[in-house]
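What follows is a short report on a single structure.
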Amino acid sequence: MAAPMSSPHAQGSNRTRTIMLQVLGATAPGIALMTWFFGWGTLINILLASTCAIGFEAAILRLRRRPIGFYLNDGSALVTAWLLALALPPYAPWWLVLVAIGFAITFGKHLYGGLGQNPFNPAMLGYAMVLVSFPMEMTSWPVWRGIEQLQPAFAPTLGLMEGLQRVFMPGSLPADGWATATALDLLKNNSALTMAELQQAQPAFGSMAGRAWEWVALAYLAGGLYLLYKRIYSWHAPVGMLGALAVMSLLFWNGSGSGSNGSPLFHLLGGATILGAFFIATDPVTSATSNRGRLVFGIGIGVLVYVIRVWGNYPDAVAFAVLLMNLCAPTIDYYTTPRTYGHRKAKRGLGKGAE
Amino acid sequence: MTAQPRIWDIPGGIHPPQNKHQSTARGLEQMPLPARLVLPLLQHIGNRAVPVVQIGERVLKGQLIAEANGPLSCPVHAPTSGIVRAIEPAPYPHASGLAELAIILESDGQDEWTELRPLLDYRDEQPLNLLDRIRAAGISGLGGAGFPTAVKLASRPDHHIDTLIINGTECEPYITADDMTMRHRAPQIVAGIEVLMHILKPDQVLIGIEDNKPEAIAAMREAVGERPMQVVVIPTKYPSGGEKQLIQILTGKEVPSGGLPADIGILCQNVGTALAVHDAVLLGRPLISRITTLTGAALERPTNVEALIGTPIADLLAFAGLRQNRLYRLVMGGPMMGFTLLDSSAPIIKTSNCLLAGTIEELPPPPPALPCIRCGLCAEACPAELLPQQLHWFAIGKDYEQLQRQNLFDCIECGACAYVCPSSIPLVQYFRAGKAEIRGIELQQSRAEHSRQRFEQRQERLEREAEQRELERQARAEKAARAKAAREAQAAQQQTEQSEQATEPKPAEPDLARIQSRKVTTLSAEQKQLKIAAATARMALQRAQKQLAANPDNADLQAQIPTLEQAFTQAQQAFDAQMSDQEKQ
């Protein structure tokens, strides 16, 4: 007979590992399209990042004298690695990936006590760290497949060997004509052209929010909807973030002139918005805890993304917006406690005790 | 049958595998008479019953063997005829596994009833008499908690109960005791409900049954017929059968935190309790048996039995064909809220609705807990709209203030949060431990408060006594001082008189005359008034002086003294002047 234990004696089949694997699976459409547009770079990123993440995780678990296999098995390190790998430019130099992942796993996760204890999203912390430290590497995005039809002078998308060469021997191949600015970059630095002219002159703008980007965003959206359908997370954070971004970009939409801040659609489908809304803002550990809190958390990210994109110094802002809102999450929790059964209203605020 | 009334949804809830079909295939079976019955004196919430039988005494079926001890208690009756063999601590079905004082009854196989007093025309009876009958029949809630039914029915005498809810939800997986009770005892349940209606006079009666029990619903609908009760079918969801949850589903109202359903005019009773009320009033039978589910994959023939209270669990399991080698965990109650039993020699008691003999595949040990990732699934499952992830956090940190602020005590321990937790965190255990720790601290605090009050009262009493003694001492001292003063004055006067006589004999005569005249002179009204005024002023002055002696720091008194002294001097002078005036005259 089993040792006595208290109720409940039955348990559902859901496991943390399952959740993590579902999240990994939901990135598949995005990865597929990224690979289609940018070649092997994304996959090399992911492989490299995963290897680094597992290595760092195992090493630190060993230092912390924790059972390595048990904790590696939860899959959380892989999620951090994949999300970071998707955020970094394809064909990023190997040391960039190593530094970003190392920082994310060590400083973002384990210094706070490992899974579940970290106040900041580890992937975004790693991303922000390399973004502020190595801006040149972080902004050289390769051109996308199919560009040759528009501007035949550009080199075609790289093959596997060439890609590996770029990753592991950075600088050995010419960057000229290979890398390009993203649509958000172009918009940020534009002051002379109207939106229509910009779209004409720069192939990076596609039809809505950046060529290739808009399609990748839609693929992430599909993955996100799948996770929503699977009830891995609730709709609150993504809807809050996208809604707030839409409202901000509508409020401050100053037309399609040369000083344009970009249309709502441009902001929603451009940059890392969708990836952020469905894969970053939904990280349960670092967001607010109640549904209402997550809505507020998402709204905060949406507003900050717009503010930093339009009035700040960086072309994209998801990482910074998420990290800033991570800071606010505990406070949001105090003010968004749901009303408990049998209570007339919720106890909110920073007080203590039963009152 | 009227149309289905409106129902409300509860937040959260889960849909675990129901596993109810296993135990419903064999109908309702009668358990053979056991040779030995163990009757714990505490089968309810409240005080332990007091035995009224001697060891060796023969008792009849239905005879009172232990009487209620106080209002919040329940009597115990002999479930069959036989000899009282012992009154001693015996195995007891409780999560603690501790023994409990019990009457051990050896059955004589005759099953001979004591004389019963059925009451068919209960409608002529006062509700209070019916309550007495229910109390005397030893009925406590058969749904699980075991609260004495008569106490519950009279819990808020000043509140009118407008809604009587009969709980036939039975939302926990595996358990089918209420289902079987309704299928096989529907007319009796309805008769019992009518007794309750006569006592409570509710405006409406709602019988809530989950939609996974179509046979029970049909049987109850048929038994209800045209009576003013409504069978309300509610969606199957755990924990819809919790009292608070069922009230919310059927009425949309919430029981105030820390309050009772009666506070909002609602009373909830289990179908089994209604059946027991029927037996007690219409048949005159006390509560000596109940319907219990025997289920689990370790049993060859899972079933429902009508078993005598006190039947050893081992007997019941043997009846259902226990395969000991397959038994991994024996649970009393359901898999969500039941507790593990270590000793199958413990009996079933009035609250025992199910015995779940689970195999290791059925009730596997939980995997080791992973860290909480705050996924929030627990909060989505919580029917009380708590934030289990936050409670867990504060419970680990032993932050009792935050635990209370997060309404830990509104947790009904349904286990939905732990069921959905992907990290297999034993949340309910954390919450139970947290509650126990807070209760312990509160007990300590109330004890400390109690002893503080006692200490303060003692101090106060000692001070009062010291003050009293001081006052008495002062009074004595003053008296002595006055006596001394009087003696001195007398001595001085004698001296003066002597000296006066010696030196100046001349005025002696008038003086003598004065004394003589004084003795005979009666005081005029004016003089009397002045004398009284002087005496009053003197007394006021003395009182103030005494008080000042007791409270030397009192500034008010200090300020009063000169005024009073002045008033006294003036009054005395006025009186003296009057007197001397008189003498002059």
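The chain as shown is numbered from 1 upward.
Backbone N, Cα and C atoms are what each Cβ position is placed from, and that goes for glycine too.
According to TrEMBL, the domain '4Fe-4S ferredoxin-type' annotation covers B:362-392 (among others). Taking Cβ pairs closer than 8 Å, the domain '4Fe-4S ferredoxin-type' (B:362-392) reaches residues 10-14, 239, 242, 244-245, 296-298, 328-329, 331, 335, 356, 402-403, 406-408, 410-412, 414, 416-427, 430-431, 434 in its own chain, all 6 or more past its ends.
Residues within less than 8 Å, Cβ to Cβ, of B:C375 ([4Fe-4S] cluster 1 binding site) and separated from it by at least 6 positions along the same chain comprise B:Q389, B:P422. For B:C372, B:C375, B:C378, B:C421, the entry in TrEMBL reads [4Fe-4S] cluster 1 binding site.
Sequence-distant contacts (6 or more apart, same chain, Cβ under 8 Å) of B:C382 ([4Fe-4S] cluster 2 binding site) comprise B:P11, B:G12, B:P388, B:A416, B:C417. Residues annotated as [4Fe-4S] cluster 2 binding site in TrEMBL: B:C382, B:C411, B:C414, B:C417.
Look at TrEMBL and you will find B:401-430 (among others) tagged as domain '4Fe-4S ferredoxin-type'. Over the domain '4Fe-4S ferredoxin-type' (B:401-430) the predicted model carries a mean pLDDT of 92.
Taking Cβ pairs closer than 8 Å, the compositional bias 'Basic and acidic residues' (B:466-487) reaches residues 542, 546, 549-550 in its own chain, all 6 or more past its ends. If you look up TrEMBL, you'll see B:466-487 marked as compositional bias 'Basic and acidic residues'.
Annotation comment: TrEMBL describes B:488-504 as compositional bias 'Low complexity'.
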Here the binding-site residues B:C378, B:C382, B:C417 meeting chain A with a Cβ under 8 Å reduce to none
Taking all protein chains shown into account, the Cβ-based neighbour count within 10 Å for B:C414 ([4Fe-4S] cluster 2 binding site) is 27
CA pair B:C411 ([4Fe-4S] cluster 2 binding site) / B:C372 ([4Fe-4S] cluster 1 binding site), Å rounded to integer, equals 19
Reduced DSSP state (H/G/I helix, E/B strand, rest coil) at B:C382 ([4Fe-4S] cluster 2 binding site) is coil
Binding-site residues considered: B:C372, B:C417; fewest surrounding Cβ atoms within 10 Å belongs to B:C372
Same chain, |i - j| six or more, Cβ under 8 Å of B:C421 ([4Fe-4S] cluster 1 binding site); the result in sequence order is B:L377, B:C378, B:L427
Should one count Cβ atoms within 10 Å of each candidate's Cβ, the binding-site residues B:C378, B:C411 would be headed by B:C378
CA pair B:C414 ([4Fe-4S] cluster 2 binding site) / B:C372 ([4Fe-4S] cluster 1 binding site), Å rounded to integer, equals 19
